[in-house]
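What follows is a short report on a single structure.
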């Protein structure tokens, strides 16, 4: 090794050897530092990976711990618990395979004591209809009443009744804005996996009113396996698709019946006062109303599809007004084809019919758009935007009404003055014919 560094060691004095030792020591320390740096990086990467894995594990474990760490007032313990994905709900249970029963506690938080809560199993279906429910609410005496209720239709009021399986025990309590339903279920033979649904709504007097028809309340269902503790997803994708169709239906009808129809009427009423706008106002009016009818029919069709896909969910007023609008709009289209000439003897009656039906369509359309917003329940921004738009169209109509009346009155005075001058001064009369002047 020395020969490779020092060509002739015999000629090297002690100073050279000392310098060589220092160089070797420096190289050794440098290599040691590099190795230490590499080791530090490896240790850092390993430590970071370990912390990341542990944090992920602890997050998952912590969620279950938060669930299982809940202390019930009766000191009851459950083998398994899972937080349900929506409506601030948690399900605790212990499954007993020897007798095929399950002891459970359903917790539903963040609700006032004036609400009702329900959880149920759907043996043969996937959602609300067919669910065998456990229900709890505060009755008129102030006590928390728990009972069973089979759901056979969407119009249910959760009346008390026996389920398709036996429920030997049921009770409930309320504290800290949370309902808890305790029950023991004798599960149907041969199965541990079922579809589940959970819900809440308001209580009016002693009547349990319908839950909210949008948002998380329409997605609160899924599956559960009491044996292995697994929860399955609900109808998120299908509900999102349905919600998207509802939004499309709302936009089409709001734009057509609710915006284009009133704008077409405004153009027809106020532009025709100006001689320069004749006959452009007529074509603008026809274009607006025809476009509104075509888009409105598309929106009406999406409404029919939504109705067929949402069996049991009915918005009677909204549906009836929509059908009426479609019929009246169709009559207006046919009225355009049967429009008599201005000098026809029936033109007056046609005008009366056309204006009456037109204003009825506009009034019903605006009312039904607001009915639709109420059906969507929660679309406050859209409702505010449409309200502002309708107010703006109304304000413009009021200003144009005053302006056109001013023009009409002024024009009548001008025509009256010209007529007076023509009648008293023959030189001004371009016809110079008293007979024509009389006609």
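For all residues, glycine too, the Cβ spot is worked out from N, Cα and C.
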Which of these ranges is annotated transmembrane segment in TrEMBL: 321-338, 411-428?
321-338
Intrachain residues whose Cβ lies under 8 Å of the transmembrane segment (321-338), provided they are six or more past its termini:
253, 257, 286, 289-290, 292-293, 296-297, 300, 303, 350, 353-354, 357-358, 360-361, 364-365, 367-368, 371
Secondary structure content, the domain 'DOMON' (87-201) (per DSSP, counts of residues):
0 helix, 65 strand, 50 coil
Residue 318 (heme b binding site): tally of other CB atoms within 10 A of its CB:
20
In the structure shown, which of the binding-site residues 249, 285, 354 has the fewest other Cβ atoms within 10 Å?
354
